[in-house]
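What Swiss-Prot lists as (6S)-5,6,7,8-tetrahydrofolate binding site is 109, 110, 111, 112.
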């Protein structure tokens, strides 16, 4: 099948490679422009662009997707289908109608749950026990199109947004290939989304901040959902302290002061919350690297009784 692929981050790379391995004729890759990244703010190509170059596939990076010249280019390519995997922009109506079989999207949730830009993060943050992949025919709405295939994966307490991301990237690639096979055979179902939708908006800076008056379970899920990016943060000695890993050690009981360090031992720093306690096992002080709790405490004492989050200046 003649395919134009639209995608940007690491999540989309397995899908692009799977299309090529399945024998599809990937005419072009459309991805977002190079962006400054890292401490040096060096212009860096998106992961999908790097993968496309390795596969010798032409790459286009329009500054604006609502552009007459870009739309004309897509029409000239004459794809049978456009596959969209985490491209990062809403596809306008005049592009949706170009391919014979339409635009097919791979979305990282069990629609209609978690429509939007950050479904993986929010599924973990909200303590979901499962999530998954949905492929769908795209329409003008935000992840509202008719579904084709859907498959669930479990989320365990050991999972982070990172591990769920990696599992869904692989699953999404497999379901995309299966979906295009069904589409090409004229056998793809069109299943309208039913039930009450929920939404996964882009993460904001305030979403990273740990509110210690919440429950230990909620904070634990927040930490997992912010790992490996952007990191759940609090404050210690006037500096940002990111907490990367923790465990719930007590579900009940409130601290005298939420955020108070109850103990700081060899393997964990136990912190009181609005209900229950968590044991912090991996953390990172502003300007330093990620460390286990034991290694952190060897270089940075954390007295019992100190309250995290108080020194926000």
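Yeah, the Cβs are placed from backbone N, Cα and C, and that goes for glycine too.
The Cβ of residue 109 ((6S)-5,6,7,8-tetrahydrofolate binding site) lies under 8 Å from the Cβ of 115, 119, 120, 123, 131, 132, 133, 134, 200, each on the same chain and at least six residues away in sequence. Non-local contacts of residue 111 ((6S)-5,6,7,8-tetrahydrofolate binding site) by the CB criterion (under 8 A, 6+ apart in sequence, same chain) comprise 134, 136, 143, 147, 150, 193, 197. The Cβ centroid of 109, 110, 111, 112 marks the (6S)-5,6,7,8-tetrahydrofolate site; residues of that chain outside this set whose Cβ lies within 8 Å of it are 107, 113, 114, 115, 119, 132, 134, 143, 150, 193, 197, given in sequence order. Residues within less than 8 Å, Cβ to Cβ, of residue 112 ((6S)-5,6,7,8-tetrahydrofolate binding site) and separated from it by at least 6 positions along the same chain comprise 143, 144, 193, 194, 195, 196, 197, 198. Around residue 110 ((6S)-5,6,7,8-tetrahydrofolate binding site), the C-beta neighbours below 8 angstroms that are at least 6 residues distant in the chain are 130, 131, 132, 134, 150, 152.
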